[in-house]
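Enquirer: Before we start, here is the structure in question, set down as structure tokens.
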């Protein structure tokens, strides 16, 4: 029982490391200028290390000192967690464009005719671009290590428990571990929600110097902090494993019998690996159920990675709140669905045909609840020269909708005829402000604002004398205008949670379909192949495909050193449909 407790804690903290990355992905994108395709690849890269080794490890079976190997794996996972946070310590402080001179920079981005000529591309030194490559390299290495370290943890833990628990208690113990693996991601998102409330450079700059609120589009939360917490927890949970024996006396309580150790692999039956593989893959039920699971898992992998980002952009939420919703509503919803599915199975003692009917029913109902989600969202905010061309005869309104979203020519937001030509704004500046006319401008300069004041009653800046904002008192406030349809947020969350519950009802029956339709001696092998296919066909490509699809909805890219970096603005309805 102590081993089960330790293993539960270890699995929980291991999932914290891998799940926490997903919760802070939009923040890491913004901090290091990554496209969603790159961040999707990063999020699924731990599966690469994992898949390469999993076959080898399950072949080793019980010929090794299992607890010790689990401990070593856990130490690798912990190292990976610390490595993930390393970029924060090797890179300089986070820099963003500001209007008020501060200790970072004495320039401002107000409209100052003739003052901009010298600000060409000072920020792009060879050092800056090299630093970015180093950051990516470290993170990808950490993710690969995380995958490798995670390999022995689950299979060895489960087989160890199954070998030495009494037959009556074994299902209970495995059930406890399974519920932990489902709770884990929820806890990870809650951890993300807590950490992203702090400013990223909390350890490098004093609070007084930070002029951003966490609602500002330039805000970056302390993404690295969660990795330190999670990695420390993994390291702590790893310690007891070095003191467990190689074999335990079997727990009394069920039928006691001498237990022989057989390596859990297909070779146990005496038939060769390819024969068993083909025998299983030719089985129509097995093949179809696994393909169905591949499809739903790819969807889950993509959503788990980018759902937070989606909520942030559609409903103008902070990263912290988006993570809170996912961790407290969506993931528990999926847990409820899994439990309900299992309960229905047990209560009605279902046949195979009834199992498949239950799966189909769950998925159909899920589709029906998910359909309205296509329409529940917000229109793109009006951003002058990016999504909104009225009053600006810009250099290229012809490229309005399709042309630049593919990452081609982005209209130069600094050259509207008339209202801000005299400002000579640099292209790269990004310090969004919301005009009194409800239009968003990418910087005070592009709105033609000449002066900024800090009212005594509040800490929020006020931009005035803006030549692009109509009306006698053309003023603006910092930050994005937001999408302004927060009333759709609650229906969206409710429906997406419901869809998640209905989809996950089919989880247990689909497993039953696999276990019961296959020859008993192929069971462990069939499950191994199933997880292998899920990894290769779903968990790996899922986030990358989702990220690439999200990238196609971008309408304004940040440029770093003439390279496309993170996305500044999305076409919201396109993002939602994709």
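Quick reminder: no glycine exception, Cβ is built from N, Cα and C everywhere.
What TrEMBL says about a protein is an automatic prediction, not a curated fact.
If you look up TrEMBL, you'll see 1-578 marked as domain 'Major facilitator superfamily (MFS) profile'. Taken from TrEMBL, the feature transmembrane segment covers 42-62, 69-90, 135-160, 172-200, 220-244, 285-304, 324-345, 357-377. Residues or ranges marked as domain 'Kazal-like' by TrEMBL: 413-467.
Situate these features within the shown structure.
Expert: Within the chain carrying the transmembrane segment (69-90), a Cβ under 8 angstroms from the stretch's Cβ atoms is held by residues 7, 10, 14, 17, 21, 32, 131, 134-135, 138-139, 141-143, 145-146, 148-153, 156-157, 160, 200, 223-225, 227-228, 230-232, 234-235, 237-239, 241-242, all 6 or more beyond its ends.
Within the chain carrying the transmembrane segment (135-160), a Cβ under 8 angstroms from the stretch's Cβ atoms is held by residues 3, 7, 10-11, 14, 17-18, 21, 28, 32, 34, 38, 42-43, 45-54, 57-58, 61-62, 66-67, 69-70, 72-81, 83-84, 86-87, 90-91, 174, 177, 264, all 6 or more beyond its ends.
Same-chain residues lying 6 or more positions outside the transmembrane segment (220-244) and placing a CB less than 8 Å from one of its CB atoms are 2-3, 6, 9-10, 13-14, 16-17, 20, 23-24, 27-28, 30-31, 67-68, 70-71, 74-75, 77-82, 84-85, 87-89, 94, 188, 191-192, 194-200, 202, 214, 319-320.
Here the transmembrane segment (285-304) has long-range neighbours at 22, 40, 44, 185, 352, 359, 363, 503, 506, 510, 513-514, 517-518, 526, 529-530, 533-534, 537-539, 541-543, 545-546, meaning same-chain residues at least 6 beyond its ends whose C-beta is under 8 angstroms from one of its own.
Remote same-chain residues near the transmembrane segment (357-377) are listed as 292, 296, 314-315, 337, 341, 344-345, 350, 485, 488, 491-492, 495-496, 498-500, 502-506, 509-510, 513, 572-573, 576-577 (criterion: CB distance under 8 Å, separation of at least six residues from the stretch ends).
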Enquirer: Suppose you look only at the domain 'Major facilitator superfamily (MFS) profile' (1-578); what would the mean pLDDT be?
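Expert: Averaging the confidence scores along the domain 'Major facilitator superfamily (MFS) profile' (1-578) gives 82.
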